[in-house]
Amino acid sequence: MIDFIRQPWPWYFSGFMIVLIMLMLIFWGKSFGFSSNLRTICSMTGAGKKVKFFDFNWKAQQWNLLFLLGSIIGGWISAQFLSNPNDLQLSASTVADLNGLGIHFNGALNPDELFSLSALSNPKTWLLLLSGGILVGFGSRYAGGCTSGHAISGLSNLQLPSLVAVIGFFIGGLLMTWLILPIIL
Amino acid sequence: MKSIKYILAGILFGIVMIKSEAVSWFRIYEMFRFQSFQMYGIIGTAVVLGAISVFLIKKMKWKDASHLPIVFKDKERPYTKYLIGGTIFGLGWALTGACPGPMFVNLGYGYLTMAIVIIGALLGTYLYGLIKDKLPH
């Protein structure tokens, strides 16, 4: 059993589990949308006094903050007990393309060039990680949701605005991957 | 104590994100290069099963745990904000390989540098709130 869990899960099982989580939240009278937590955290820290957008009853969103806390614990549990003993199976063409960008495939989830502690000695790493985060935070609030809110919850409810948002996710993602990353990495 | 179920759901979410490898920068890069089906399979399965579930919930008028009707809110128009906001989000997603959920899952997994991405995401959210009224929606 534990050996089975330690394997990477097939895409159809992963997709099924994501829907299960969405349905659990729906059954509890909530909805699956992670990025609204970022707004809630801003409100908690008193941003509502200065900016109207953050002046709302954030306490009603406490359940989602607990979900966020759980997701951190889930990551930790995975690392301690469920991590895959084998290398990530990345397609050979991706590995080759990344070599061209100076990113070495290390078999782990994330590249050392961007996410290892030693990469922080390069100020460029800070700049890339911080600006990437700003784009995600700004964009998800502008679009009114992220992958969970639009691509999963919104598309499941056949929302055209969510489809437009997901098309936007891909326009931005393709621009970054094909045009911008080769310049900035 | 009833709030503990949200923590448990979050734990499950974290494990699913790791085991599906959807938290991997490499996987996101691979997806945007169209070099693997994995991520499309995950999102596709979720959307198809999700759409069937939502359809059934509406059709059968299922109630939630507190016996209240389950309502799905329609997203408001127009589309400008979804396209512009979505594109900005996509730029960040492909750069950091992480959307908001996976940022925190990665942090828990031990990628402490994700804290910088999270701080960025909070700054970006704050910035949006600050200049929201000046932006086209």
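Backbone N, Cα and C atoms are what each Cβ position is placed from, and that goes for glycine too.
Residues or ranges marked as transmembrane segment in TrEMBL: B:38-57, B:82-103, B:109-131.
Within the chain, the transmembrane segment (B:38-57) has long-range Cβ neighbours (under 8 A, six or more residues past its boundaries) at 20-22, 27-28, 30-31, 70, 72. Residues 18, 23, 92, 96, 98, 100, 103 of the same chain sit 6 or more residues outside the transmembrane segment (B:109-131) yet have a Cβ under 8 Å from a Cβ within it. Long-range contacts of the transmembrane segment (B:82-103) within the same chain, counting only residues at least 6 positions beyond its ends with a Cβ under 8 Å from a Cβ of the stretch, are 13, 17, 22-29, 32, 75, 114, 117-118, 121, 124, 135-136.
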